[in-house]
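Enquirer: Okay, so TrEMBL annotates it like this:
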| type | residues | note |
| --- | --- | --- |
| DOMAIN | 106-229 | domain 'Helicase MOV-10 Ig-like' |
| DOMAIN | 280-348 | domain 'Helicase MOV-10 helical' |
| DOMAIN | 349-428 | domain 'Helicase MOV-10-like beta-barrel' |
| DOMAIN | 482-581 | domain 'DNA2/NAM7 helicase helicase' |
| DOMAIN | 598-675 | domain 'DNA2/NAM7 helicase helicase' |
| DOMAIN | 713-903 | domain 'DNA2/NAM7 helicase-like C-terminal' |
| REGION | 951-981 | region 'Disordered' |
| COMPBIAS | 954-964 | compositional bias 'Acidic residues' |
| COMPBIAS | 965-981 | compositional bias 'Basic and acidic residues' |
Amino acid sequence: MILLFENETVTAGVAVNQHVVINRSYSPSPITSHESSPAPDIVHRTSASSLQAQSGMDSEHIKRVGNYYECKICGARSTSSVEMGKHSQGKKHRLGVMTAELKKQREYLVKDREGIAIIGENAEYLNGTYHIQIQENTERTMSLRVENHTPEVVQLLHCEMLKRMRVFKLDDAKKMTEGRQAVSINSESHYVIEVSACARGLGTFHVPIAFHFRRSSGKEFHIIRFLNAKCVSDVTEELKPTSPYKPPTKVAEYHKSKQTVPGVKPPKLIEDYLKRSLSLGQYFVSRQMRKMINRGFKTSLCVNQAEKLEMTAIRTILDNPLNKNTYKKKFSILLNLEELQMEIDIRRYDMEDAPMTKRHNLLLLEVPGLAENRPSVLRGDQLYVWTKGSHIEYEGYVHEVYLKEVALGFDPRFVSSFINKSKFIVRFEYNRLPLRLQYRACELAEEEGLECLLFPTPSNICTQTEYSPPPNRKFFDTKIESNREQQLAVTNIVKGTSRPAPYIVFGPPGTGKTVTIVEALLQIHKFQSDSHILACAPSNSAADLLAERILNSKIVAKKQLLRLNAASRPWKSVSEKIQDCCNYSKMSGQYYFPKVDQLKTYRVIITTLTTAGRLASANFPVGHFTHVFIDESGQAIEPEALIAVAGILTIDPGIHCGQLVLAGDPQQLGPILRSPIAQEYGLGISLLERYMNQVQVYQRRGNKDGPADHYDNRIITKLLRNYRSHPAILHYPNETFYDGELMPQADEGIRTCLCGWEELPNKKVPIIFHGVTGKDQREERSPSFFNPEEAAVVFSYVRKLLIEKKGGMQIKQQQIGIITPYRKQVQKIRQLLKKGKFEDIDVGSVEEFQGQERLIIIVSTVRCNPEYLSLDFKHNLGFLRNPKRLNVTLTRAKALLIVIGDPNTLSQDKYWKGFIDFCVASKAYTGVDFVEDDEMVDDIMERLDAINLKGGVSEEEDDDDPGDEFIRPSEHDEKEWRKDI
């Protein structure tokens with residue numbers, strides 16, 4: 001790995017981890033912006049003292065980072081020194097400074113001093129902390145013996161916890177711990193304080209306890225100790241780390257000087273008649289671009305003038321909004337950034353001492369994480385193996401993909417001399433095809449003049465003649481007849497009102513987005529006989545759903561519908577319901593691609609966005625495809641969405657002006673990216689989200705809540721009727737993300753079926769927020785977090801629903817979904833479910849549940865830091881600090897939502913705090929005590945003031961927190977790799 005600093009030589013051929021570059025040499029755009037940033041030379045000349053004088057800013061803890069200020073205590077960021085000055089004066093920041101000082105001075109504060117010793121009995125003592133283990137609702141006591149080894153009387157003025165916590169109680173003979181009177185301890189005598197611990201639920205409870213003493217001379221001093229009670233059960237003990245966490249070891253470095261022996265490709269498709277008339281370039285990242293990216297687009301002494309000019313031009317393109325003149329160039333740069341980070345990230349899967357076994361002419365390799373697409377390996381992909389010290393590597397083509405292993409085709413000579421169980425170093429590669437198609441799509445968009453489609457303006461929207469639907473037209477899905485917004489969207493899509501601009505169906509959760517576009521597609525098919533429709537989605541599952549719903553309608557005949565799959569897709573993953581309309585020959589057991597002339601006979605073709613690239617390569621006659629629908633378009637980056645548009649859809653009114661329809665929700669999860677720099681500069685913004693947030697014609701008209709506050713329904717419709725969730729479950733996301741406009745329309749019998757459940761704190765609100773102060777942990781060499789206490793509570797609720805539930809409807813395992821953001825927590829929960837024979841319950845990440853729904857959703861948030869005051873503001877929330885992820889999480893449930901997490905950690909994020917506050921106000925909260933911020937902060941500051949904890953924290957001070965998720969996300973969990981092509 002190369003860490004870049006000024007004047008350092010850069011190796012152009014090696015990709016550098018941008019999560020490191022962004023910390024070392026790259027200044028991203030500000031997170032918030034309230035005022036103009038001072039020029040860099042001004043910043044460097046501005047002293048810390050003058051900044052503090054100008055703005056009241058805490059210059060000791062707030063530092064300049066690039067073009068914004070960052071608080072090293074709280075993690076707050078802003079470009080405004082005034083805003084950061086206000087932050088400095090806030091209670092939370094001052095408390096954060098005190099907490100940091102407590103951490104900084106811990107080693108000194110916990111020591112016995114001034115002749116006073118504190119001895120703990122019935123507890124394990126380690127580094128200033130007394131550890132005890134307890135069971136639920138079972139009290140355990142320990143003693144703290146304060147010994148005076150001075151020749152004088154010493155007064156114990158106070159002994160109190162620095163944070164109120166009901167788990168612990170202090171008691172003593174003279175009630176000094178209740179604040180009644182000081183206690184005098186004679187020379188060589190002692191005084192005993194009893195500590196009792198009792199917890200109502202599982203968790204780790206940690207609190208500092210301060211002893212305040214006064215010598216006969218009047219000198220006062222403090223000694224701090226920490227109490228740690230861990231409430232355990234058989235379940236939490238079963239899930240504890242199998243071995244201590246160790247960062248993954250680096251696999252032996254790969255040198256490109258190795259000689260590569262080509263492998264044996266899998267058999268070609270028997271019938272691939274689809275000619276590639278339009279070439280697809282390689283679009284490799286240039287050596288020059290690699291050098292600039294590896295420098296973070298910063299100049300140094302070794303950069304020549306031409307390179308400086310090029311980097312300045314690139315920074316200008318990146319810093320400015322997307323426009324028609326920079327469209328291709330900007331996306332090319334962003335895709336380069338993403339690709340180089342992919343080169344880094346794929347290396348984490350490289351293996352050492354990996355054994356292979358022989359099966360016929362293929363070699364089998366077991367790949368950990370294969371079933372979870374970590375990494376993704378598809379038929380036709382390549383892997384490379386070699387032995388230590390060898391200068392020869394062998395290329396292996398993937399012939400078959402199984403659950404845990406892949407079958408590889410190597411050079412016959414290598415296979416014939418192979419000895420079973422021989423061990424190799426294995427290098428993985430990612431599939432570049434999707435990226436190549438995205439590069440080409442951006443080129444084609446520029447060449448074909450798609451400006452009116454990509455950058456709609458008031459003057460170029462709604463300029464085409466509208467189609468006139470038959471006056472007696474009826475909706476195929478009769479439920480739409482009672483939904484005004486769906487009717488409006490379908491009618492305007494059929495009429496083509498937006499052309500040449502795209503039509504957007506803004507579909508919040510449970511509002512029938514897919515139903516709407518399927519209805520529009522069917523109407524077009526029925527009443528526009530010359531139409532040819534391409535329907536796409538980012539994933540196979542979403543594309544399959546489109547095919548299934550179209551087939552179920554019976555409006556489109558099977559012979560007129562083609563579900564075009566990629567050759568790499570496992571046939572067993574295709575639903576039987578749509579197999580008859582797929583490009584697969586059961587006789588030969590292979591996929592096939594028909595000629596263009598045969599494809600032209602299909603009225604509706606359904607593909608993933610990437611597979612649509614085959615249609616673009618086939619170069620269909622201009623104007624053949626009249627409509628392109630993209631469902632779940634918010635989950636695709638813009639260049640990916642363009643694959644199904646550029647080279648396929650014509651918007652030239654002189655030939656034929658086609659119609660693009662995008663369906664999705666910009667408030668739900670967007671594309672998954674790996675490059676933090678590409679993310680910062682907008683690659684993570686989908687085409688749908690860009691239209692709605694950056695293009696004027698797609699935004700609301702008038703002032704919010706005013707009489708003219710609405711979308712232009714000629715080009716966009718927001719669906720408003722939620723057919724999924726109980727009103728209480730819908731309330732918070734509706735108010736927070738959808739302007740309170742969603743109307744609960746779910747079937748009352750379904751949505752209220754669990755309102756009488758005996759575990760609900762409030763029978764009118766089918767929500768539980770269960771506060772658990774667990775401990776997020778890691779084990780072995782996995783970077784992913786898990787929380788045994790939360791997993792145990794999840795399992796407890798599952799048992800209560802499936803076994804102990806009294807009365808009401810019988811719950812089936814398939815009606816429960818469990819969402820958790822970390823792969824290791826998924827594994828731990830599955831371990832418990834398997835033991836309890838609840839294996840039909842789906843457990844997965846938020847991404848895996850997007851677009852799905854369950855009667856019951858249980859959420860485990862995992863992140864928790866019980867140490868110190870549970871107010872470590874830098875404690876990283878990771879994946880949780882994303883409002884879109886929270887929105888999707890909360891909107892999957894129909895009748896019951898259970899969220900399990902640490903409220904003090906989660907409430908650091910304003911969206912999570914809003915949800916917790918809603919649960920508290922709705923009397924839907926249970927579990928560990930949760931104190932309102934202001935009350936808690938005031939109380940703790942008062943207690944910390946008593947021990948005079950002021951001052952700062954060293955810049956070198958570093959707790960074990962992994963850091964900001966934006967900087968180093970790969971250290972926390974592994975993002976799933978693309979599995980659909």
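Using N, Cα and C of the backbone, Cβ positions are placed for all residues, glycine too.
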Enquirer: Taking the domain 'Helicase MOV-10 helical' (280-348) as reference, which of 106-229, 482-581, 598-675, 713-903 has the most Cβ pairs under 8 angstroms?
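Expert: Going through each listed stretch, the top one turns out to be 598-675.
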Enquirer: May I ask which of the stretches 106-229, 349-428, 482-581, 598-675 has the most CB pairs under 8 A with the domain 'DNA2/NAM7 helicase-like C-terminal' (713-903)?
Expert: 482-581
Enquirer: Please work out the helix, strand and coil residue numbers for the domain 'Helicase MOV-10 Ig-like' (106-229) from the DSSP assignment.
Expert: 7 helix, 71 strand, 46 coil
Enquirer: Report the mean pLDDT of the predicted model across the domain 'Helicase MOV-10-like beta-barrel' (349-428), rounded to a whole number.
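Expert: For the domain 'Helicase MOV-10-like beta-barrel' (349-428), the model's average pLDDT rounds to 93.
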